[in-house]
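Trainee: Below, the features straight out of Swiss-Prot:
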TRANSMEM  15-37  transmembrane segment
TRANSMEM  41-61  transmembrane segment
TRANSMEM  85-105  transmembrane segment
TRANSMEM  109-129  transmembrane segment
TRANSMEM  144-164  transmembrane segment
TRANSMEM  183-203  transmembrane segment
TRANSMEM  218-238  transmembrane segment
TRANSMEM  244-264  transmembrane segment
């Protein structure tokens, strides 16, 4: 497979899975092994192409992000300094824990076998939360409280285990804490932006020496495909989120996990 086609495939996998509760990192690791694109450079590329998916969310929720820069009244409660405060509360736990465990995660958890166990663990987590059902206390982004934002941030720490899924951790955590399904999904998407920007920037800073100007076309293809596929995935997911449960994602994960274990054990 040519280098640019490899970049396109990885960008497609990243975009389609980043905001679904199936783990984009897990799928990228598995896909990378299938394409024989592995190692430190591949791992950093898999993190870097998250930027395309991040920008897709910023584009889709541009009004919400614009409200964060409006500091007067009349823009809703999820705006201005209060909006930034809520996002900071959600981002802080995983940011701090991620900085402390970055080297350990890259060295010990970026592999198909550990991803398979994370896929299974995340599936059981989804099924357990679905058994409880959605809450009714929080319905829109303007209803998000500091306690809810921090609680979701604590659940987000589960996603530091590659394969668990940041979306699964935050969406199901929000449901446990009393959110409606649509709010859980939308806040998960919006709150992903600062933490993913931070994680991508930090990883690129740590790994910049691995790349050269010759890699720019490879990166560009991955980022563009990631952006387009994430845009489509988020649009479709939001359309369905109020109509279906998250159980199908759990069954998919439970089906995929043993296949990965059998293939790589």
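Start at 1 and count along the chain as shown; that gives each residue its number.
Cβ coordinates are placed from backbone N, Cα and C, and glycine is handled just like the others.
Note that the structure is predicted; figures quoted are calculated from it, not measured.
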Trainee: Same chain, outside the transmembrane segment (218-238) by at least 6, Cβ under 8 Å from its Cβ: which residues?
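Mentor: Residues packing against the transmembrane segment (218-238) from afar: 3-4, 6-8, 10-12, 14-20, 45, 48-53, 55-57, 59-60, 182, 185-186, 189, 211.
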Trainee: Report the listed stretch (15-37, 85-105, 109-129, 244-264) having the maximum count of Cβ pairs within less than 8 Å of the transmembrane segment (183-203).
Mentor: 85-105
Trainee: Quick test of the contact rule: Cβ under 8 Å, at least six residues beyond the ends. What residues does that give for the transmembrane segment (244-264)?
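Mentor: For the transmembrane segment (244-264), the nonlocal Cβ contacts are 20-23, 30, 33, 111-113, 115-117, 119-120, 122-124, 126-127, 129-130, 168, 171-172.
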